[in-house]
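The structure appears right after this line, and notes come after that.
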Amino acid sequence: MISRMEKMTMMMKILIMFALGMNYWSCSGFPVYDYDPSSLRDALSASVVKVNSQSLSPYLFRAFRSSLKRVEVLDENNLVMNLEFSIRETTCRKDSGEDPATCAFQRDYYVSTAVCRSTVKVSAQQVQGVHARCSWSSSTSESYSSEEMIFGDMLGSHKWRNNYLFGLISDESISEQFYDRSLGIMRRVLPPGNRRYPNHRHRARINTDFE
């Protein structure tokens, strides 16, 4: 049986070896970067700003859950942060000039929610560049699934709206989808003799040119 004293001696040796090993790595050129926690907050804030600049939603998005996935140290003053965060539409409109962090979340059942990932370059404690991309969370998809099963093509896929909010589908394409879907519903619901199709020549066109 190993006595208590021997156990304590063994633990002390392990701790000393661990401390010496850490000291060896730091002295041998292993990158050590003690960044300010405010840099993480700035990186998240810059990521949300980037998402809002890319979104076509009239409302601002706000982060409500975030985590730091990885930190890549480039040198003493430069690093790259990989963040993952969830966003949700707020009650503040884009043209309000409000800080998204101060805006209340929308409480609508169909409020848009997404999971985003961003890569943020930080130099001398300042954000220098941000790349962000988002995908719609499973909870958002599930909230639509039951309605789609009940109403079918009357609701259609929710993906068109989600893609529109992040600029993946133009206004004109959305108009085409609504028009084609309405024709499909009329063909199934109305008898052949009672069908009255909208006049193609009088359909409004939406200007999709952006500055």
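Using the three backbone atoms N, Cα and C, a Cβ is placed for every residue, glycine included.
From a predicted model like this one, the values you see are computed outputs, not experimental measurements.
When S96, S138, S143 are looked up in Swiss-Prot, the one carrying the note phosphoserine is S96; the rest have no such note there, which does not rule it out for them. A coil conformation is recorded for C103 (disulfide bond) in the three-state DSSP classification, outside any helix or strand. If you measure from the Cα atom of S96 (phosphoserine) to that of C103 (disulfide bond), you get 11 Å. Take the CB of C116 (disulfide bond) and look out to 10 A: across all protein chains shown you find 22 other CB atoms.
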